[in-house]
Every structure is written in C-alpha cells, then in structure tokens.
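Heads up, the thing below is written out as structure tokens.
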Amino acid sequence: MTNSIGRLLVTNGTIYAGGRRIDGGRLLIGADGRIEAVGGSELEAAEAKILDLGGNVVIPGLIDQHVHGGGGWQAMDATYEGLNGMSLYHAAHGTTSFLATTESAAEAEIADALRNAVQAAARGLEGAELLGLHLEGPFLNPIRCGAQDKGNIRPARPDELGRYLEAAGGLLRIVTLAPEIEGGMVAAERLSRAGVTVSVGHSDATLAQMREAIGRGATQTTHHFNGMSPFHHREPGVAGAGLICPELATELIADGIHVHPDAVKLLYDVKGARGVCVITDAVYCAGLPDGEYGDTTMKDGQVWLKDGSSLAGSSLTMLQALRNVLRFTGRPLEEVLPSLTEVPARQIGVSGRKGEAGGGHGRRLPRAGRRACAAVYLCPGPEGLFEEGG
C-alpha cells in the first residue's frame with residue numbers, strides 16, 4: 001500500500017531487530033509502507049517526516065501460527081465475520097498476523113472453514129493479517145485426542161487430504177497429524193513435497209517413528225508436551241524427540257498452565273529461542289468473561305472441557321505469552337523475540353516479509369488509533385511489556 005504521508009523516519013525508540021537491541025533507535029519507513037532501514041542516530045533521511053516515539057519499544061510484529069479463535073469468534077464458524085472478529089481481537093493484543101486453525105470435525109465442516117478462509121484472505125481482514133491455515137486434525141491418534149472430538153478423528157486417507165489441499169487453495173501452511181496412524185507417514189511425505197509444514201501432534205509416536213516422520217518431512221511438534229507421548233528414559237516419545245532432534249521446532253503454549261514455567265525454561269535451555277515457536281492456541285472464549293461456552297468451561301482464564309478431562313485450548317494472547325516467557329526463562333527480550341517472530345515466519349514459509357523489523361520487511365503502517373501493523377508492534381516503554389492488559 002502507499003503511505004499518504006510519504007517517507008517516515010521514526011526516532012527516539014528502543015528497537016529490537018535481528019536479535020539485537022538498539023537504544024535511541026531509528027526506523028525508516030518508505031512511502032510504500034515498507035521498512036527500508038533500521039539503525040541508530042546515524043540513520044538520516046532527506047525529506048522524511050519525523051515521528052518521535054518518546055522512548056516506546058518497537059518489536060517485530062508477533063505471528064501466531066496456531067490460534068482457533070478469540071473475542072467470541074472462531075475459525076470453525078466458517079464466516080467472514082468469525083475470522084474478522086478474531087483478527088480484530090488478537091490485533092489488539094500484539095498479534096499482527098496469524099494462521100486460522102481448524103479442529104477435528106466432519107469433512108464438510110473443515111472444508112467449509114478452509115474455503116471461507118481463502119475468501120477472507122482475498123477480501124482482507126480489519127485486524128491481524130491472515131497468512132493462511134493450520135489444519136489441526138482430523139488425522140490424529142485418539143489415544144492423545146485431548147479436547148479434540150474423538151468421534152471425528154480418523155485415518156489419513158489420501159482422497160480426503162487431497163480435498164483439503166484443494167479447498168485451501170494454496171493457503172494451507174501447517175498440518176498437525178500423528179505419523180503413526182494409518183496413512184500418517186504417507187500424508188507427511190505428500191504434504192512436505194507440497195510445501196506444507198508437517199507438525200506432529202496429538203500423537204503417541206515412539207522416537208523411532210518420529211525419526212521416520214522427520215525423514216518424511218516433519219519439521220515441528222504441535223503444542224509441545226501437550227497431546228503427545230511423554231518423555232521416558234526408556235522411550236523418549238514425541239516429547240523427547242522434540243528435545244533431541246535439531247530438525248524439529250517445538251510449538252509452545254506459554255500460559256504457565258499447559259506447560260509448567262520451569263518446563264518452559266527447560267525447553268528454552270535445550271532448544272534455544274530459535275527452536276521454540278510460541279503460540280496461543282486461543283479459542284472462542286478468549287477475552288470473554290468466565291463461564292460456560294459450548295462443551296467448555298472457562299474459569300480464571302483456564303479453559304477446560306466441562307467434564308474436567310482435558311484442557312481445551314487457552315485464553316492466551318501473544319503479548320501475554322511474551323511476558324510469560326520473559327518471566328519464566330529470565331532471558332532478555334532480544335533473545336526471546338525470535339520465538340514469536342522469526343521462527344513462525346520460517347515455519348510457515350514467509351521469512352523475508354514477516355518476522356523481522358528490518359530492511360524490506362513490513363507492508364503497512366499503523367492506522368489511526370491502532371498500535372499494530374504488519375511489520376512492528378509498539379509497546380509503551382520497556383516496562384510496558386509487563387503491564388496487565390494490552
């Protein structure tokens with residue numbers, strides 16, 4: 001898009017870019033809305049308008065590659081209003097782009113959600129940008145179903161997978177599957193060859209099966225430690241494979257509920273920030289008052305199936321997740337940020353235009369009254385990251 005005010009030199013900010021912190025940093029944004037350069041006081045631009053940040057923090061836009069809903073809306077509504085509503089909700093809380101994530105359901109319901117997302121992406125959303133789709137189910141292991149509907153979990157049949165690929169119109173970015181189920185390995189290889197990220201989740205796979213899945217193209221795990229065979233010293237399982245295998249990135253729901261804070265620290269100690277992909281796994285009721293929503297109950301921000309048998313997604317936002325990881329790990333912001341920016345951009349194939357506040361990145365400027373844009377997110381000073389809300 002064209003920036004109506006021309007080139008803009010953003011000054012007097014603390015800028016986090018490329019794994020470094022620039023105090024008193026400057027950001028040059030071109031008339032087309034793209035970030036042309038990042039630097040310090042030496043960065044000048046003739047005829048550019050000046051915007052003084054007053055010490056605000058500038059970070060790359062946060063990318064949520066696994067989010068089902070929020071603000072009373074969800075991807076499985078299969079409506080423009082549903083995707084637009086969750087887009088607006090999460091844009092107000094740090095997310096600048098996301099993957100609309102489905103769940104195990106009848107084939108027709110899933111296909112409708114995929115086709116709706118294709119139409120919504122073409123039309124454009126008012127909040128966070130829709131980068132594509134994450135198909136979570138139905139090709140899962142019922143033993144590790146969690147809150148997924150066991151009655152709608154099924155083998156990975158090639159014809160059904162083909163129909164999903166067609167319905168998604170090239171926007172299918174990630175498929176979560178259990179490689180050990182019937183058709184799972186073949187599906188993983190097919191998806192990988194099609195340029196779709198294969199994520200192992202809701203899986204009871206052994207380490208040997210995980211190594212085969214990696215050979216077939218798997219490159220990450222879904223909400224690590226949750227919905228998977230746990231680590232055991234005699235059989236490391238999916239959880240162990242995520243820790244052991246450098247080929248795998250590990251999704252992480254960083255709410256301190258799905259994964260204990262010390263286990264979050266352990267994951268970062270083992271994998272490093274560029275081996276962890278922070279997600280929300282947020283659902284319909286995120287941002288709503290405590291209460292009952294369908295077959296789930298939310299109390300004190302925790303979302304459970306009504307029978308208490310399983311957590312059922314989260315009420316997390318990306319900005320809350322960032323605060324939590326900083327607190328749980330004790331690592332500096334510049335070290336943690338890649339887990340919410342560069343890693344998801346890499347995993348979903350949009351590196352080079354998303355995930356960094358650097359030259360050539362970003363596609364639009366903040367609109368009046370909004371803090372979020374495709375390239376960067378503005379925070380009210382370093383301490384603002386730890387404020388409630390936002």
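Heads up, residue numbers simply count up from 1 along the chain you see.
Glycine is no exception: its Cβ is also placed from the backbone N, Cα and C atoms.
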For the Zn(2+) site, TrEMBL lists GLU136, HIS223; sort out which one of HIS202, HIS232, HIS233 goes with them.
HIS202
Co-listed substrate-binding residue [TrEMBL; alongside ALA147, ASN226, GLY227, ARG234, LEU311, ALA312, GLY313] among HIS258, HIS260:
HIS258
Can you tell which of HIS202, HIS223, ARG234, HIS258 has the most other C-beta atoms within 10 Å, given these are the binding-site residues?
HIS202
Report the nearest neighbour of HIS223 (Zn(2+) binding site) in space among the binding-site residues ALA147, ARG234, HIS258, comparing Cα positions.
HIS258
Ten-angstrom check, please: count other Cβ atoms within 10 Å of the Cβ of GLY313 (substrate binding site), all chains counted.
30
According to DSSP, ALA147 (substrate binding site) sits in coil
